[in-house]
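For reference, the structure discussed in these notes is given below.
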C-alpha cells in the first residue's frame, strides 16, 4: 500500500504560517530580558499604556509586562518560515555540558523506515538534524543536574520568566496592593530565583520539560510553587489534515496562552506531522506514545508488544518530544473495579491497556517494564506525565476505588522515576463535583509526595454539553488554587465534536482565567499587577488600555464596538452598559471632584456638612415633602 500523500495540501513545499498567529498584539511589543550569558534571552510581552486623562490627574502609566507563550511568532523582527522551523535556542547550553553525543542517524526502526520511504519526501520536514543522546552512562535530565547542585541555563531562564520583571514593576508602583493568598501549604517565595528553581526540581516538586532534541524550546516550569500553567491539545485524526493545518493549530494555541501542547494525533503520517510540529514549537510538546503504537498494529490493542512500544518511545524521543503520557498505573487488578461505574473507563490510553491486560491476562507491560522506560527517557530528558487511565468520566464515578487505587500506584512509580532522576508529573481527573475536588488534590500530594499535578478540568457537573469549558473551568480554578500545577484545557466541543479555531481560543482563554484566578488566590508574587492596571484603566475610562491588558483584547474590543462602535466612544467617560448619566464610575469621579472642590478629602467626606446643606435647601424650597416637576 502506498504511503504517498494524495492531497496536495499535505505537501511540505506549500506549508505557510497561519496569518492570524503572527500578528503582534495591539500596543504591545516583544521584549527580551537577558540572563547571565548573552544567549539567555527570555521573551515577554510589554503592554504600553496611555497617559491618565488630565481630569484624573494626568499621570504617566508604566507599561505592564505579561507572560508570553507565543514564541517568535508575534515578534515583527523575526521572519517566520515553517518550512525551516524556528531558530535554535538551546544547543549552546547543551553543548557546554559535554554529556551528549550526536548520533549518525535515527536509531528507531520505524524512524529509519519512514526516512527511507522515497514517497514521503514531499511530505517530510526538510531540515531534520541528527538526534542527540546522552553519552554512555550519563544522565542528562534537569533533575539530575539539580541534584548535583548545578543551575542550568534552563533553570535560570525559567526563573527570569516567572518573575516577569517583578522588581521593576514594584519600583514603578504597579504593585501597591496585592491581597495575601492562601496557598494550602505551598512554599511560594516573594521572588523566584534560579536557586529556588533548582531546589524545587531536585525535590521533585517542579519539572522543566525540555528534551535535548527540542532545541527550539523556550523553557518553562510546571510546579505548585510557580505560576499555574495550561495545556492545549492538537492532533490530526483518521480523516486527515494538512501540515499547514496542524502547525496552525499549534501557533494559534500558543498565541492565546497555551504553555504546553499535546499532540494527540491518531491519523496518517503521525511521524512526519510531529516533526513539523516540534520544529516549529517554542513550547514543550507532549504525546501519548501508546496512540501511535496502536496505529502500528492496526488498532488491535491485544497485538501491542513491549518491543514495538520501546521503539516508539525512542522514535519520539529522538524527534524531541518533551513529555510522555505513560499509562503504567492501569493494573490488571484495578480493571474489575470499573465494572459498576456509570461511564466505565473513559481514558483512551487506559482502555487500550485494560484491553491488553484482559486479552493476555497479564500485568500491564508499561508497569512491568517501567524501569526500562526510565532508562530510555533519561537519555533524552523526556519528562514523565504518568497517565490517569482510570480517571472518572462522570461525577458519579469520582473518587472511587479504581481512581484512587491507580493514584497510589502512580505514587509508587513516581519514586521509581525519581530514583533515576527523572522529572515526573501526575495526571488527574476528569469529572469531580466541587465538594470532592480538594480530596483529590490532598490525596495526590500525599501519594505522590508533591510531584506536580496535571488535571483535565475537572468538570464539576455533567449537565451542560456545549458549555463544558465552563463546567470544567470552575473545577480548574479550584484545583489550581488547591495546588494543581497545570490544567488541561476543555473546549465547548468537549464530548460533542472536533473543536475549530474559535473553540480552541475559547477553551484556552477560559483556562487562562482559571489559572490566573488560582495564582491570585495562592498569592503568587506579582499576580495582581495586571488586575490593578486594568482596574485603574477602567476607572479612568482608558478603553484601549482595558482591551489591551485583557486576556483577549480582540473580543473585548468587538463587544464594546457592538454598543459604541465610533472611535469617539473609546475616549468616552462612561461605560457602554449604563450610559453617561448612570455610570457608577462616572458618578464616583464626580463625587471625588465635589469633595476636592470643597477642600474635603475624598476618603473622608464630611457627611454632617453635606446633610446640613441639604436640610437648609429643603427649608428654603418650602419644606414640601413632594414637589411638582
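Note: Cβ is positioned from N, Cα and C throughout, glycine not excepted.
The model shown is predicted, which means the values in this text are computed figures rather than measured ones.
Per Swiss-Prot, these features apply:
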{"type": "BINDING", "residues": "233, 262, 291, 327, 347, 348, 349, 388, 389, 390, 391, 427, 454", "note": "substrate binding site"}
{"type": "BINDING", "residues": "431, 495", "note": "Zn(2+) binding site"}
{"type": "BINDING", "residues": "575, 578, 583", "note": "[4Fe-4S] cluster binding site"}
{"type": "COMPBIAS", "residues": "13-24", "note": "compositional bias 'Polar residues'"}
{"type": "REGION", "residues": "1-24", "note": "region 'Disordered'"}
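Outside the compositional bias 'Polar residues' (13-24) by six or more residues, the chain places 30, 70, 73-76, 80-83, 122, 242-244, 247-248, 251-252, 254-255, 276, 501 with a CB less than 8 A from a CB of the stretch.
Other C-beta atoms found within 10 angstroms of the C-beta of residue 431 (Zn(2+) binding site) number 26, with every protein chain shown included. For the pair formed by residue 495 (Zn(2+) binding site) and residue 347 (substrate binding site), distance between Cα atoms is given as 13 Å, rounded to the nearest Å. Ranking the binding-site residues 233, 347 by how many Cβ atoms sit within 10 Å of each one's Cβ puts 347 at the top. Geometry remark: residue 391 (substrate binding site) versus residue 431 (Zn(2+) binding site), CA distance 8 Å. According to DSSP, residue 347 (substrate binding site) sits in a coil region rather than a helix or strand.
Taking a C-beta cut-off of under 8 angstroms and a sequence separation of 6 or more, residue 349 (substrate binding site) has the following same-chain neighbours: 288, 290, 291, 325, 327, 330, 387, 389.
In the compositional bias 'Polar residues' (13-24), the DSSP tally of helix, strand and coil residues is 5 helix, 0 strand, 7 coil. In three-state terms derived from DSSP, residue 391 (substrate binding site) belongs to neither a helical nor a strand segment and is classed as coil.
Counting every protein chain shown, the Cβ of residue 495 (Zn(2+) binding site) has 13 other Cβ atoms within 10 Å. For residue 454 (substrate binding site), the same-chain residues that are 6 or more apart in sequence and have a Cβ closer than 8 Å to its Cβ are 222, 231, 385, 425, 426, 427, 428, 484, 485, 486, 487, 488. Neighbour counts of Cβ atoms within 10 Å were taken for the binding-site residues 291, 389; the minimum is at 291. The number of other CB atoms found within 10 A of the CB of residue 391 (substrate binding site), across every protein chain shown, is 26. Cα to Cα, residue 233 (substrate binding site) and residue 431 (Zn(2+) binding site) are separated by 18 Å. Taken residue by residue with DSSP, residue 454 (substrate binding site) is part of a strand.
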